[in-house]
Amino acid sequence: MRKDEIMHIVSCADDNYARHLGGMFVSLLTNMDQEREVKLYVIDGGIKPDNKKRLEETTLKFGVPIEFLEVDTNMYEHAVESSHITKAAYYRISIPDLIKDESIKRMIYIDCDALVLEDISKLWDLDIAPYTVAAVEDAGQHERLKEMNVTDTGKYFNSGIMIIDFESWRKQNITEKVINFINEHPDEDFLVLHDQDALNAILYDQWYELHPRWNAQTYIMLKLKTPSTLLGRKQYNETRENPAIVHFCGGEKPWNSNTKHPYRDEYFHYMSYTKWNTIGNPAINQ
């Protein structure tokens, strides 16, 4: 990729997670190559006006505005929800359809419960052709592809951080295929991992595998899972020593007082530079 190329980064949040998205954006903007240009997008999962204002004020301190994207929520009326996963989690599926500017060829999607600790241009500049997405294998070592009768082989990716190639995605009508899969399986006992299950069911053989440093999941950071291969164990050690993106997936959120996550202090560090640093944020004030 050219160094003068604009990097397009998108995330999604509801009102409860808007503050954590602010922290993620601060970490990204702080640690990126300052000679590169970035555009930020937020899929609006119901963020209230005051929190939108705080988000915008947070990133404008770095000279970077936010473009908010609206999803047709009717597309996801049959999507399975749970106590900790709302329909907003599915909205990433619509990303290539929400972007009308044909000059934008790809985007990086990053979950809002993450910290970007390395220059994001290193990820942006990766050539992932001929694949549709690039992602990290899910550290839970799930047998979801087999359990969903998709395939007996292949790896299952975590959808929290993805490079999305728009041309490949649109050419294959991936959004339509994923939504059809969701509508065909409106059962929480089937779509156990929600949007991630549906994305994997369609893209299981079309994704480029990234080093786990680019999605340092809680399973890895807390040594809750051990890969079966020597290479896998080596990569997990490298990830713990030097994570590029820390993803606070699962229940070990840094804003919970009882968390054992080793990057909890870094979370509070980046949150201190947001507009939630002292206002109405129990995570900061506890």
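Even glycines carry a Cβ here, placed using N, Cα and C.
Cross-referencing His247, His261, His269 with the Mn(2+) binding residues that Swiss-Prot gives (Asp111, Asp113) picks out His247.
Other than the site residues Asp111, Asp113, His247, same-chain residues with C-beta atoms no more than 8 angstroms from the centre of those residues' C-beta atoms, the Mn(2+) site, are Met24, Ile110, Cys112, Ala114, Gly160, Ile161, Phe248, Cys249.
Neighbour list (Cys249 (UDP binding site), Cβ cut-off 8 Å, at least 6 residues apart, same chain): Asp111, Asp113, Asn158, Gly160, Gln217, Thr218. If you count neighbouring Cβ atoms within 10 Å for each of the binding-site residues His247, Lys253, the highest count belongs to His247.
In the three-state DSSP reading, Asn16 (UDP binding site) counts as helix. Around the Cβ of Asn16 (UDP binding site), the same chain contributes no residue under 8 angstroms that is 6 or more positions distant in sequence.
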